[in-house]
Amino acid sequence: MKTLGEFIVEKQHEFSHATGELTALLSAIKLGAKIIHRDINKAGLVDILGASGAENVQGEVQQKLDLFANEKLKAALRARDIVAGIASEEEDEIVVFEGCEHAKYVVLMDPLDGSSNIDVNVSVGTIFSIYRRVTPVGTPVTEEDFLQPGNRQVAAGYVVYGSSTMLVYTTGCGVHAFTYDPSLGVFCLCQERMRFPEKGNTYSINEGNYIKFPQGVKKYIKYCQEEDKETQRPYTSRYIGSLVADFHRNLLKGGIYLYPSTASHPDGKLRLLYECNPMAFLAEQAGGKASDGKERILDIIPESLHQRRSFFVGNNHMVEDVENFIKAFPDA
């Protein structure tokens, strides 16, 4: 049995900037995940379910667990003195860690993706993305350090809190998964160099919004539902409502996750920096593809911290199919 800590140290030579700091940073995220795992499992007993009464910068009602997870992860990262600052879905602006001007890394995160599912005991997750800062070491970080394209990520991953808790990450040398053993308090390696299956047959989208989707996406959904033995259609529809949970299922079973633009969200709804980019990095490392329907996600130059984007991620052939439909059926 190999633990996450042992695996990271063993693979450190594959990382061109290996100094031990990234290992410590991932260890801090691991600690935060353990704390979140512990308290999610007793959320109904300690009054951290439901809405907090506050809204985040996007105007979304914050769940109590959103704020709880944000504070726990922030504290875990701050305590190690190896992160110069963070950006979070739950923070209006970047958080600069005073006294950590010497640190080389910044972290972007969605502390608890799908938190509205907690009340009904459905899987939720944590998403994180790690970059080397671009401003001089020794100075406070600025927003410039966070507004980098996804192709500059040095590591990314997620934690899915479900029937078991799993941490999945990449440093650009494959995707690896670890299952949490609560009796030992450690994450143990369960899958090394994960890959999307060669063919996917699942599409994950909130079809309740069908009438609001662009024409190309509507046509693709109908394509998925049509019978065709040669392409093994119709495909199966599976939608959990948590990006982490839907992505994780499709990574294991094969499929595509779709979150297109709508009239009310013309730029899409998912956040580019701390949702789309890390999942796109993982997808490509697992042999998949991620796009906004027209452009590779990892090549998009971000313009703002909480920028949104349409998002299509999964098996190569499925993402290419939806891109072709979007191109063939443009909205007037």
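Residue positions begin at 1 at the first shown residue.
Cβ from N, Cα, C; glycine included.
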Q. ASP110, LEU112 bind Mg(2+) 1 in Swiss-Prot, but which of GLU89, GLU143, GLU144 does that record place at the same site?
A. GLU89
Q. Looking at Swiss-Prot, ASP113, GLY114, SER115, SER116, ASN206, TYR239, TYR257, LEU258, TYR259 are annotated for substrate. Which of LYS104, LYS229, LYS269 sits in that same site?
A. LYS269
Q: Kindly point out which candidate in GLU275, GLU284, GLU295 is recorded by Swiss-Prot as part of the Mg(2+) 2 site with ASP110, ASP113.
A: GLU275
Q | Cα within 10 Å of GLU89 (Mg(2+) 1 binding site) - qualifying binding-site residues among SER115, ASN206, TYR257, TYR259 | A | none
Q) Taking the centroid of the Cβ atoms of ASP110, ASP113, GLU275 (Mg(2+) 2 site), which other same-chain residues have Cβ within 8 Å of it? A) GLU89, MET109, GLY125, THR126, ILE127, LEU243, VAL244, LEU270, ARG271, TYR274
Q) Just the number: how many Å between the Cα atoms of ASP113 (Mg(2+) 2 binding site) and TYR257 (substrate binding site)? A) 15
Q.
Around the Mg(2+) 1 site formed by GLU89, ASP110, LEU112, list the extra residues of the same chain whose Cβ is within 8 Å of the site's Cβ centroid.
A. ASP66, ALA69, ASN70, SER88, GLU90, MET109, PRO111, ASP113, SER115, THR126, ILE127, TYR274, GLU275
Q) At the Cα level, what's the spacing in Å between ASN206 (substrate binding site) and GLU275 (Mg(2+) 2 binding site), rounded? A) 17
Q: Would you count the other C-beta atoms found within 10 angstroms of the C-beta of TYR257 (substrate binding site) for me?
A: 27
